[in-house]
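A short write-up of the structure that comes next.
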Amino acid sequence: MGFRITTWNAKRNPFSYEPWRGTRTFESMFDTLEADIVILQETKIQRKDLRDDMVLVPGWDCYFSLPRVKKGYSGVVIYTRNATCCPIRAEEGITGVLCPPKSPTSFRSLPEEQQIGGYPTSDQLSRPAMNPGGPDSEEEQEDVGSVPDAIIDAPTLDSEGRCVILEFPAFVLIGVYCPAYRDESRDTFRMDFLNALDARIRNLTAMGKNVVVAGDINISKQGIDAAHGIEAIRKGTMTEEEFISAPPSTSIQPSDVGWRGREDPVLFDVCRSFHPHRTGMYTCWDQKLNARPGNYGSRIDYVLCSLHMQDWFSDSNIQEGLMGSDHCPVYAVIKESVNRPEGEVNIRDILNPPGMFNCGKRQQEYSNGCALPASGRLLPEFNVDSRRSIKDMFTRKPVSIPSESVELAGAPAKMPTTRVAKSTVMHTSFGSADSAKKGSASITEGNRPSRTASRKRSQPLASTFAKRSKSGLSTSSEGSSAGQKTLTGFFKPKDVDVYEATRSPMASSGSSTPSLTPKLSEGPQEKGKASGISPQPPGSQEDIIRNEAGTSIEGRMASKFIDDTVIDPIVSKEDWSKIFTKKPVPTCDGHQEPCISLTTKKPGMNRGRSFWICPRPLGPSGEKEKGTQWRCPTFIWASDWNSPVAAQEQ
């Protein structure tokens, strides 16, 4: 059984997709990948965001490189399976200027036996590692011995969390996430990072150490490694040489055997060596364009090794079927037995400290003492031995009450008032009422206070409560007698008749007290009860005439009020539906399928505008096509589709 190395730009959280969504644990993900070493890029977290499920993975150790300043940016972590491998040294960064945990000394300043070595020198950090004109060009010869224009800032290069380096007896593993080529604003940093990485690799090789580089290099090596490169070469707009000399490929990590511009390559492309002529072997796709279904992508994730390690590997490939990111995993498998100068050895013997394995069989069990200082398990916040459980904060130790000697019956009983009070409070706060009763019953009769004392203690509380009750009752009774509405009146439904709503203010202005109009459906006695006024005998003839005139006026006003306020519910519903109902989604011209809405983020006058396009993904050509199964040229601005003219056309 071989040894498997997997690299994957996981984009922080791959657990939203199958097959990871079921378990949502790193342990099950690593088992699915069947890897012994996993290098993840773009973790996009800071140290304060680390969780137990990320660090304390059962059976695995981890080594992080996290950004120092930017939040939610970059980040690299290497996980090693304890059952198969154990590094002997670990470092963060390329240049060696960072410090180990709990140490003020940088990696490159440590004693030689504690260093991985191969740190870039000041000359290598200040001199360009590659000349676009070639190694023998006149430009390079003129630059020899000249003062460089700029000096690479080593602390800045290692501040973004882009590299973790582990050393095994067999080789030095560099897990890296190189800066992407997006615009010229970051081109200087990108070139400096690649030059420093190239210098570190060459220095380690010069020391006689094997090197394995795995990660997101963020550059396509050849035209066959990029869909847009193949399309440009096919159309004749660009040649193979022009593609390689373009900015994204010129600044590529130049030490691979297949890359141009170097006479002495020191690394070997493992995955391409097993599939030398395979097209469409892409590892990254643009999610914004939905280019993955049509396989319009590029190969920018690699597993590279030293030249004389070519025969160590038995298999290497991409895993394009595993979702969870805009990248897919890339793996390489090392043979179970490899050839070394001293002869053929088992790979596990040289992937662990001496004496831990012999002929592929474990001699010593892995323990926490094998973890290196840079291990994530040794971070103070994840140290299990010194960690306090949150349950301890809410659990109280039982209070032990010392047993007292039995006193004489005639002697006065002593009452530990303070202890009883605390015990009562504790039972009341954390226990139930039954437990409180049991606790009080457990106190001996000799320690129980007398009833007189209890009454005296409780008397002020009872008197205060009585005073408050009397004042509350008197206030409520006085308020009710004054005509104030009770609290229950606010929760009763208010039944208002048209007659009451339309009663003229003039009709009620005749009396000095506010008149309460009874409901039409109630009888005389119910009216009296509802209004609180006893029924009065009929008045004179003038009162009768006046009441009839007022009734006729109120009737006319009520009928007018009804005519003005009656609303057709169907018409009202249609009006509101026109306001809140979304307009139908347009269909594309090529397939008559509902379009998808996107928003422009490109700087310019159209930034922030929404538009509709065909929902299908781009094809292998990377362009919109007519009459095919891929994305058609349909394009509609959302403002044009939602305009009144478009609404009338619908």
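The backbone N, Cα and C atoms fix where each Cβ goes, and this holds for glycine too.
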Field: Annotated companion of Asn9, Asp216, Asn218, Asp326, His327 at the Mg(2+) site, TrEMBL, chosen from Glu34, Glu42, Glu184, Glu365
entry: Glu42
- prompt: Any idea which of the recorded positions Asp216, Asp301 has the thinnest Cβ neighbourhood at 10 Å?
  reply: Asp301
Task: Pull out the recorded positions from the set Tyr177, Asp216, Asn218 whose C-alpha sits within 10 Å of the C-alpha of His327 (active site, proton acceptor).
output: Asp216
Query: To the nearest whole angstrom, what is the C-alpha distance linking Asp216 (active site, proton donor/acceptor) and Asp301 (site 'Important for catalytic activity')?
result: 4
Task: Round to the nearest Å and give the CA-to-CA distance linking Asn218 (site 'Transition state stabilizer') with Tyr177 (active site).
output: 8
